Amino acid sequence: MRFTFTSRCLALFLLLNHPTPILPAFSNQTYPTIEPKPFLYVVGRKKMMDAQYKCYDRMQQLPAYQGEGPYCNRTWDGWLCWDDTPAGVLSYQFCPDYFPDFDPSEKVTKYCDEKGVWFKHPENNRTWSNYTMCNAFTPEKLKNAYVLYYLAIVGHSLSIFTLVISLGIFVFFRSLGCQRVTLHKNMFLTYILNSMIIIIHLVEVVPNGELVRRDPVSCKILHFFHQYMMACNYFWMLCEGIYLHTLIVVAVFTEKQRLRWYYLLGWGFPLVPTTIHAITRAVYFNDNCWLSVETHLLYIIHGPVMAALVVNFFFLLNIVRVLVTKMRETHEAESHMYLKAVKATMILVPLLGIQFVVFPWRPSNKMLGKIYDYVMHSLIHFQGFFVATIYCFCNNEVQTTVKRQWAQFKIQWNQRWGRRPSNRSARAAAAAAEAGDIPIYICHQELRNEPANNQGEESAEIIPLNIIEQESSA
């Protein structure tokens, strides 16, 4: 049961953690499954038959051996194809991916002895290829799988907790309301829903081997909603990138943008690839609970997601270019200018989600690969926590608004219960309660005396960052 539990964790991790699992580096990294699903048996057998057909075709097409001295004849050993090999040579290939517990990054060896005969195992005197390394590191991978499994649960739980608090702050404090905060709230909601679905999947589906074997429609529906929310997550990131790019680069500082197009892109468009994927998956690759990543049909969803990330990457580059240009115009010291640029970039990176574009390939080295796994899993599973921290808890306007509300609450509490605060604390509380002390960071608040026909609308964001100055109309 331990092997079954962990193997499904690993299969799910491949599906959840990478924008596209068909990249070359990802295809060379599979994890052990001791109790594979029947559908995957069919897939593995088909791969083996295709490899056998290609091997016999290759053996017929290759010319005769041109070397001197004894050699071992080309052969199919049942799993892999071996070319003519000179005597005394140890040949090797990467492990096949027919079996879920085989690691294709490891190597298979086959020895041709000095007489030109393939090595035979002493126990049965039959030709033998050494496949022992293909699953030699299973215990180490199991231990690593458990760590990554619980890291995912902790990360998504912490993300839900912090995002709910952040969302509550943005909803409760109406003074923070503006178009950019509206985009924040929608993106926060996608993070919350996606993390909830992932936790349900990890807790209820992954360790439940009987449920996966029964393959109910409910687990596929859960998978559908996970894929949909994952796509919504990245497309709301794209909405944030488009909005920031419009404000900073296009410089539409004084006009309110039409948010309905953002709603259509963030919530509506992901339904298209997700629905197409579900239909084609049910017809062409209907594996149990749709846990397998051994299908190119995932490109239907991951292709648009990767496109959104690439677009956001170029948005980030252009935004940073504009920010650096603006900061140069302020004639500040060079070191301070680049410090601001780095700070602005580090704030925008988790928002635009470009870590998959900057570091999309897993290193083949074991140690570097393990470091990569932990770094990428931390970025992925704790991304909601990072976003909530950067865009809510560390935001100056949010901090000032919360402090002002807390100061007002303390004044009301003291007045109600008859406790008289000291003159120093009273002056500090009164100063914190001043509405004009709110720094411009999230959005530039318009004047309070708005026209009557604009009442109830959200104020447009005029200046998204302190370092951006409104250009004079010319």
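Just so you know, glycine gets a Cβ as well, placed from its N, Cα and C.
Keep in mind the model is a prediction, meaning the values are calculated, not measured.
According to Swiss-Prot, the listed position annotated as N-linked glycosylation site out of N73, N423 is N73.
For C81, the disulfide partner recorded in Swiss-Prot among C55, C112, C134 is C55. Candidates considered were C219, C392, C394. The record in Swiss-Prot pairs C289 in a disulfide bond with C219. Swiss-Prot records a disulfide bond between C112 and C72, which is the match among C9, C72, C178. Swiss-Prot lists a disulfide bond between C95 and one candidate from C134, C178; that candidate is C134.
Relative to the membrane, Swiss-Prot puts N286 on the other side from Q405. Across the topological domain 'Extracellular' (25-146), the DSSP tally of helix, strand and coil residues reads 40 helix, 24 strand, 58 coil. Proximity of C81 (disulfide bond) to non-local residues of its own chain (separation of 6 or more, Cβ distance below 8 Å) is seen for A51, K54, C55, R58, M59, R74, T75, given in sequence order. Counting Cβ atoms from all protein chains shown, C95 (disulfide bond) has 21 others lying within 10 Å of its own Cβ. The number of other Cβ atoms within 10 Å of the Cβ belonging to C55 (disulfide bond), over all protein chains shown, comes to 19. Under DSSP, the residues of the topological domain 'Cytoplasmic' (170-181) split into helix, strand and coil as follows: 9 helix, 1 strand, 2 coil. In terms of C-beta pairs under 8 Å, the stretch of 147-169, 182-202, 220-242 lying closest in packing to the transmembrane segment (368-394) is 147-169.
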